[in-house]
Amino acid sequence: MEWVRGETIGFGTFSTVSTATKSRNSGDFPALIAVKSTDAYGAASLSNEKSVLDSLGDCPEIIRCYGEDSTVENGEEMHNLLLEYASRGSLASYMKKLGGEGLPESTVRRHTGSVLRGLRHIHAKGFAHCDIKLANILLFNDGSVKIADFGLAMRVDGDLTALRKSVEIRGTPLYMAPECVNDNEYGSAADVWALGCAVVEMFSGKTAWSVKEGSHFMSLLIRIGVGDELPKIPEMLSEEGKDFLSKCFVKDPAKRWTAEMLLNHSFVTIDLEDDHRENFVVKVKDEDKVLMSPKCPFEFDDWDSFTLDSNPSFDSPVERLGSLVSGSIPDWSVGGSWLTVR
């Protein structure tokens, strides 16, 4: 498979995303694609993403992978993942251009349904995405969206959960479910919680959790994992939307609705005759160029995805969280933005 690298359109901690065009007679894939490239430091994450995408197969709501390749650039071996190109970038990039405004509820309903169909496919194949957020939902010219960035995705057990033996924080704090913080439990239910956070953000233009500038991200994890506090549901959202989110924001993952169940909820099944993709597309000016996810982490105002490992195990969430906020961990307050650490 031969291709020619184009301009750089985004950066991750260990990876760079570029456009690319195919050479003549180089296989059956689009003329314009996206290439995620990394050196040896990010090879494991890229390899995991390729393996997961291969296992998932084709799904209209999941970004397509056309293969992988290795190149030598400036004397260094690069690992490349050839992906479907999303011309409008991520929903996070798009909403940033709206200046804090949310999307129309009809658009939120449609995007939510698309992500749910993607999650249903992911979960049915025995995987959890582990990092659902607006930055990992890509937008196309026709207004459709697809789930992307499977670098943190993992295969789960038969009950659709996976338990890590080490003390690990995995994903993006603002989207983490209580069981991820308390029990190292990652699975389909955690993806549903994260989707609820994404729905709040799409509708309101604000994150589901309010955090003060300069606060330690571990203080947010304590709010998520300890006590009864839940993400705030927007007051202006319809009753169907509020009820939908109440099914996502259930502390007990066993009682949280599944993607399959939520696809039958009236919030996404309601028939809106005037809801056409064209109505959404015209809101984006042709000259507006948005970055494809993953974009430069220094452009995020919120904490980005990462993994943080420790060794001991603890008997209670309070003990575990206490260890995580100890003095051994630097105070990475929100003075800037967060890097993806995988």
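Each residue's number is its place along the chain shown, starting with 1.
Quick reminder: no glycine exception, Cβ is built from N, Cα and C everywhere.
Marked as active site, proton acceptor by Swiss-Prot on the basis of sequence analysis: Asp131. All protein chains considered, the CB of Asp131 (active site, proton acceptor) has 28 other CB atoms within 10 Å. According to its DSSP assignment, Asp131 (active site, proton acceptor) is coil.
According to Swiss-Prot, the feature ATP binding site maps to Ile9, Gly10, Phe11, Gly12, Thr13, Phe14, Ser15, Thr16, Val17, Lys36, an assignment based on sequence analysis.
Marked as domain 'Protein kinase' by Swiss-Prot: 3-268. Averaged over the domain 'Protein kinase' (3-268), the predicted model has a pLDDT of 91.
In three-state terms derived from DSSP, Ser18 (phosphoserine) belongs to an extended strand segment. Residues or ranges marked as phosphoserine in Swiss-Prot: Ser18 (among others).
Here Swiss-Prot flags Thr19 as phosphothreonine, drawing on experimental evidence. All protein chains included, Thr19 (phosphothreonine) registers 17 other Cβ atoms within 10 Å of its own Cβ.
Around Tyr41 (phosphotyrosine), the C-beta neighbours below 8 angstroms that are at least 6 residues distant in the chain are Phe14. Annotated phosphotyrosine per Swiss-Prot: Tyr41 (among others), in sequence order.
Sequence annotations record features per position, and here Swiss-Prot assigns phosphotyrosine to Tyr66 (among others). Take the CB of Tyr66 (phosphotyrosine) and look out to 10 A: across all protein chains shown you find 21 other CB atoms.
Positions annotated as phosphoserine by Swiss-Prot: Ser93 (among others). When Cβ atoms from all protein chains are considered, those within 10 Å of Ser93 (phosphoserine) total 23, not counting its own.
In the three-state DSSP classification, Ser114 (phosphoserine) falls within a helix. Listed in sequence order, Glu61, Ser144, Val145, Lys146 are the same-chain residues at least 6 apart in sequence whose CB falls under 8 Å from the CB of Ser114 (phosphoserine). Taken from Swiss-Prot, the feature phosphoserine covers Ser114 (among others), and the record attributes it to experimental evidence.
Annotated region 'Required for MKK3 binding' per Swiss-Prot: 285-342, in sequence order, evidence recorded as experimental evidence.
Cα-Cα distances to Phe11 (ATP binding site) place none of the recorded positions Thr19, Tyr66, Ser93, Asp131 within 10 Å. Classification of Tyr66 (phosphotyrosine) by DSSP places it within a strand.
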